[in-house]
Amino acid sequence: MDQELRDERNRRWDEPFGKEPLDRETVDRVLALPAFADVNPADFPSWLPVASVIANDGRIRTFQKGETVLRKGDYGSSLFIILSGSVFGLTASAPTAGSGRKQQKSWRRSLAQLFARKRPPEYRPARRRSRRPSSAAASISEGTRANTVEAALRVDADELIAKHETFLLEAPQMFGELAALTRSPRRATIYALEDDTVLFELRWQGLREIRDWSDGFRKQIDQLYHERGLLTRLQECPVFAHVDSTALAEIAEEALFETYGNFNWTHRFKTEISKEDGAQHIIQQEPVICEQGSHVDGLLLINSGFARVSERIDHGDRTIGHLSKNDVFGLDAIAAFARDKVSPVLDTSLRAIGYVDVIRIPTHLVQKHVLPGLDPSFLRQGRPDDRDGTRGELRQGMMDFLVDHRFINGEEAMLINLERCVGCDDCVRACATAHDNNPRFVRQGSRFENAMIASACMHCTDPVCLIGCPTGAIHRAEDSGTVVIDDNTCIGCATCANSCPYSNIRMVEIRDENGQFVTDREGQPISRATKCDLCADQLTGPACVQSCPHDALARVNMRDTERLLEWLK
């Protein structure tokens, strides 16, 4: 291979967020914004100057009136600060001027991949590293336009404001931090209100670094997150659907944010679960949020993460359910207290599964605003229906299996029915065909009864693999939430692979057109992270599911226990 074309190791800022790194003048203007007033460059290490973070992890975007900045329901991992102009937001769903969704392969390309010449495993084309002149810059006057289709989507702003309830944001206000911090969908659609509205966009990697090294910035962002996130979460939770806005504001005023567990829980979990009988003792490692038999101290609303509901049996604990975003705990006891005037005591315990954010709402406000008019179906939440016999035992075993192994995090887990599977490996071959002769999953995994959770990316509700990626190579697709990896910006650091609790991300050594391993200038092999991408560019969806001749494989949401039991019959 030509030495000049030999792949070098990707570095963090080889691909800046914008077309080019921001110039010094633009960086200084950004750092002068109120949002960065408490950021002291001296707090940052010499190898990570804050100016470089802003220049490479930020970009300038210019929008015209009515253009879509971001859409409700899309996944995003960046925040925005308005430099000039203004935007308006719409929390209700609203039509946009186009779909902006990722283009899939045509039928011709889909068929062609069946007959394409096989390349060496993990082949990557040789490329010459982009060498930008040191003076290259992206200035505000140039106005970096959005790289996504969203900027081209345009609506009649005046008509939309007249017909819908909207909110206004002006320079130098910030927005988008909720989705960036929680890896969750955008909660509002934002449009430009003026022509030539200029925004500074900071991706998650830059936000993470500045939060880590600047106490003042972290406190400001966290306070903004609490102020905006609290009321938004209450409005989204079905339990509060009947509560009017005035009462919600009163609840938000007195509610408290609490966190339990460790943000980097994956490493300890992988160590514990790998031990003999590790799954049986994993509950002992989970922080207790509320203990069975204790006095009720408010209603707990799960803001993000997962929690285990359990009850004492003999000398141990039995898992009876799990809670996730928008679920509540303690409502039964508060309702019983209001009805029977008995002391509100919990009959179950609540534990943090890994890491969980909760909102604690005072009991007197629940009695005053929530219980009147509450749908009775919200009571006894987290408890299974009373059923006896084999199915009940199977449900209990399935619940223990899913919660102990943290599989409840999976939204698109690969489930294989071992009684139907004949080991033909058609699924593996189909996956390889869809990915240039490289299968992206392993037909092995954890088993329960006649079910196996294969070693394939589950596209988790909370993909913790995203947190530590230094370049943003692993990210969520905006439209679908599918977790994908950009091979061009992956630096092969293995942070995502080490962070995945389920070991579903594989590091592979890449090869050239001759099948030889690609090495760097020191002769060390170059690696890339690989995983299932749900065949995002395939017309038929996941090739593994479509190719199974015995209906033995499905991609399922692992929190839907009843569907799992039905499918495994």
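Using N, Cα and C of the backbone, Cβ positions are placed for all residues, glycine too.
These come from TrEMBL:
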| type | residues | note |
| --- | --- | --- |
| DOMAIN | 54-87 | domain 'Cyclic nucleotide-binding' |
| DOMAIN | 173-228 | domain 'Cyclic nucleotide-binding' |
| DOMAIN | 239-345 | domain 'Cyclic nucleotide-binding' |
| DOMAIN | 412-440 | domain '4Fe-4S ferredoxin-type' |
| DOMAIN | 448-479 | domain '4Fe-4S ferredoxin-type' |
| DOMAIN | 481-510 | domain '4Fe-4S ferredoxin-type' |
| REGION | 121-143 | region 'Disordered' |
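Distant neighbours of the domain '4Fe-4S ferredoxin-type' (412-440): 113-114, 118-119, 121-123, 447, 450-454, 456-459, 482, 508, 530-535, 538, 543-558, 564, 567-568; these residues of the same chain sit at least 6 beyond its ends, with a Cβ under 8 Å from one of its Cβ atoms.
The stretch from 54-87, 173-228, 239-345 that makes the most Cβ contacts under 8 Å with the domain '4Fe-4S ferredoxin-type' (481-510) is 239-345.
Beyond the ends of the domain 'Cyclic nucleotide-binding' (54-87), by six or more residues, the same chain brings 12-13, 16-19, 21-23, 26-27, 29-31, 33, 35, 93-94, 96-97, 100, 138-140, 143-146, 150-157, 168-177, 179-180, 183-207, 209, 466, 472, 475-481 to within a C-beta distance below 8 angstroms of the stretch.
Within the domain 'Cyclic nucleotide-binding' (54-87), the DSSP-based counts of helix, strand and coil residues read 4 helix, 20 strand, 10 coil.
Mean model confidence of the domain 'Cyclic nucleotide-binding' (54-87) amounts to 93 (pLDDT, 0 to 100 scale).
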